[in-house]
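Visitor: Got a structure for you, written out below as structure tokens; questions coming shortly.
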Amino acid sequence: MTFPNINPIIFSIGPLAISWYSLSYVIGILLGWFYANKIIEKFKPQITKKNLEDFITYAVIGIIVGGRLGFVLLYNPSRYFSNPIDILKTYEGGMSFHGGALGGIITAYLFCRKYKINFLSLTDIIAPVVPIGLFLGRIANFINGELYGRITNSSFGMIFPNSDLMPRHPSQLYEAFFEGLVLFSILAYTTFKHKTLKKCGLNSGIFFTFYGLFRITIEIFREPDIQIGFILDSLTMGQILSVPMLLLGGYLICQSNPK
């Protein structure tokens, strides 16, 4: 397969460069906001549209700060400790989903505590929305030619310009499909067909469970970060960080269905 050599920068105005990566965040937040509003209109949960509007600022800060710090601390600390100013260069890529998730969870908790809102009621609304951002983010990773997969002889192999010119799995597209489209479809089905918002924590549990499963599986095809490599000879950082999400998801599902 041929890599579509797309310029990561959409356009520049003087020193200001607009990248596909940055645009993916903006579009993801706007589409997510729209979709969450539709869910609120349909099911009239405890969370109101005004609550959601107020939460957007918290969410953006939590996701961006958490995602960036997660990448800096977990994936490439030596580079950023040597050149701290590079931490601000988010337009170059380098965001950790696990860090962004933790940042979003912390800001959601602080928001709920301030406005006296049930925490899981909020995360249950957000859970069906997150795959939209995941899909767009992975497509942006693909355009950037980053986070590519392991060497393969299969017909799916693709030569990325920033790699060693060996055919590799386009693992960004695998993640976009499973963590984005498939996970979105699962949560849309459970939310609208099975009315999972009626059981506090269930949507959140479904998200964490399936995201953990998909991420752990797809990491088998993804090249480990060069500065980290394999952990315990065969595991990647992404797999290790996804195990707690998988366990948390199972716990929330069980808690939402007490016997």
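Each Cβ is built from the backbone N, Cα and C atoms, and glycine gets one as well.
Pulled from Swiss-Prot, these are the listed features:
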TRANSMEM  9-29  transmembrane segment
TRANSMEM  55-75  transmembrane segment
TRANSMEM  92-112  transmembrane segment
TRANSMEM  117-137  transmembrane segment
TRANSMEM  172-192  transmembrane segment
TRANSMEM  201-221  transmembrane segment
TRANSMEM  228-248  transmembrane segment
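In the displayed structure, how are the listed features positioned relative to their neighbours?
Guide: For the transmembrane segment (201-221), the residues of the chain that approach it from at least six positions outside its boundaries are 97, 120, 123-125, 127-128, 130, 149-150, 152, 169, 171, 174-175, 178-179, 182-183, 186-187, 190-191, 236, 238-239, 242-243, 245-257, judged by C-beta separation under 8 angstroms.
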Visitor: So which residues does the transmembrane segment (117-137) touch in its own chain, when a touch means Cβ under 8 Å and the partner is 6 or more beyond its ends?
Guide: 21, 24-25, 27-29, 31-32, 35-36, 39-40, 45-47, 51-52, 55, 59, 95, 97, 104-105, 108-109, 111, 175-176, 179-181, 183-184, 187-188, 191, 196-197, 200-204, 206-207, 252
Visitor: For the transmembrane segment (9-29), name the stretch out of 55-75, 92-112, 172-192, 228-248 with the most CB-CB pairs under 8 Å.
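Guide: Stretch with maximum Cβ contacts: 55-75.
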Visitor: Taking 3+ C-beta pairs under 8 angstroms (sequence gap of 6 or more) as contact, is the transmembrane segment (92-112) in contact with the transmembrane segment (172-192)?
Guide: no
